[in-house]
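Inspection log for the structure reproduced underneath, given as structure tokens.
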């Protein structure tokens, strides 16, 4: 239900009227409440009783809605008897009521600064309330200096000292021209642009959960560590020029150090380069190598959601096969139909057919046909200090079968290992079932 109230000449769209002395003779026998719409239901009248009856007010106590204590200020002080009721206002429709322009008189700054009421204007002198306000814009920001004897703060809320449980928050939730004291005081976005997202929030106020993700991007400084040529007067030193973006660093490296087509010496002079001054046969190979030092990766994966980037176009081409499912490299061994996305994986697979085991463990000299098997085996050595189980490596591919290991072992260790294995089997019967088919029951 939309409640249509009359605000008088000061606040024509607030709809709170009937507080002038001209209507006191009409309210002698009933409560002086809000000037409700005559078309509203009578049952809603009790919900808007904001002040005590007029005959209950003593000479020293004033209602929150009398002109002497309200935010109407001096304009109502001089024209208190001219505040009309709802019947005096001509509203053709609800649209006229909601969109009426509030261009009528504004309270004087001297009176508005000293009087604080329910509908006081909070702006600085000479500035009116912005259009599009709520019907009840909120209470005045109550501080320790503004708290009156008729109001007190309970649990962060201000009690108005009226008849009825009417509470209002001390901070109005509206756009005000005056500085605010809440956590979003800098929400005016006066420093907003695409590079500066800081809200200039005061140090004593914490930022909201949303603004912590709007931090200013960290400025990047990339330094060139190319060793310049030494002369008789100047020893060899690094370039040490700094750049704010990768594009600027790459452009500098291409123009200043790598050189153009006339450059025949394709040597990397980056500081502490492991090549040690060894030259490349072609310029493009030097360019690809320099990306190892600069960290440039100019080839992103075009498939949405992947997000991987690569330093070489060849690596991107191989990676895209994981999305397309293309496997152009077929196993050359007769009778094998395995296919692979790159030639290196095919080469690793060929060791299965040739029985070659080029991947050797440096700890125990065991060899394997695939590097993944060697990596699994290395985990056994890493866990030997904490895991004393003799069957820790039983699930890994090994060059020597377990039976041969026990046959080649020394005689004194046979009895001890057999006894130890028997004890472990009797002790771990509850952990490892004798038949692995029981896992699938």
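Every residue gets a Cβ built from N, Cα and C, even glycine.
Here is what Swiss-Prot records for this protein:
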type: ZN_FING; residues: 222-257; note: zinc finger
type: ZN_FING; residues: 266-293; note: zinc finger
type: ZN_FING; residues: 299-323; note: zinc finger
type: ZN_FING; residues: 329-353; note: zinc finger
type: ZN_FING; residues: 359-381; note: zinc finger
type: REGION; residues: 375-441; note: region 'Disordered'
type: COMPBIAS; residues: 383-399; note: compositional bias 'Low complexity'
type: COMPBIAS; residues: 406-429; note: compositional bias 'Polar residues'
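Among residues of the same chain six or more beyond the zinc finger (299-323), those with a C-beta under 8 A of the stretch's C-beta atoms are 288, 291-292, 341-342. Across the zinc finger (329-353), DSSP helix (H, G, I), strand (E, B) and coil residues number 11 helix, 4 strand, 10 coil.
Look at the zinc finger (222-257): DSSP puts its residues at 12 helix, 7 strand, 17 coil. Mapped onto DSSP classes, the zinc finger (299-323) shows 11 helix, 4 strand, 10 coil.
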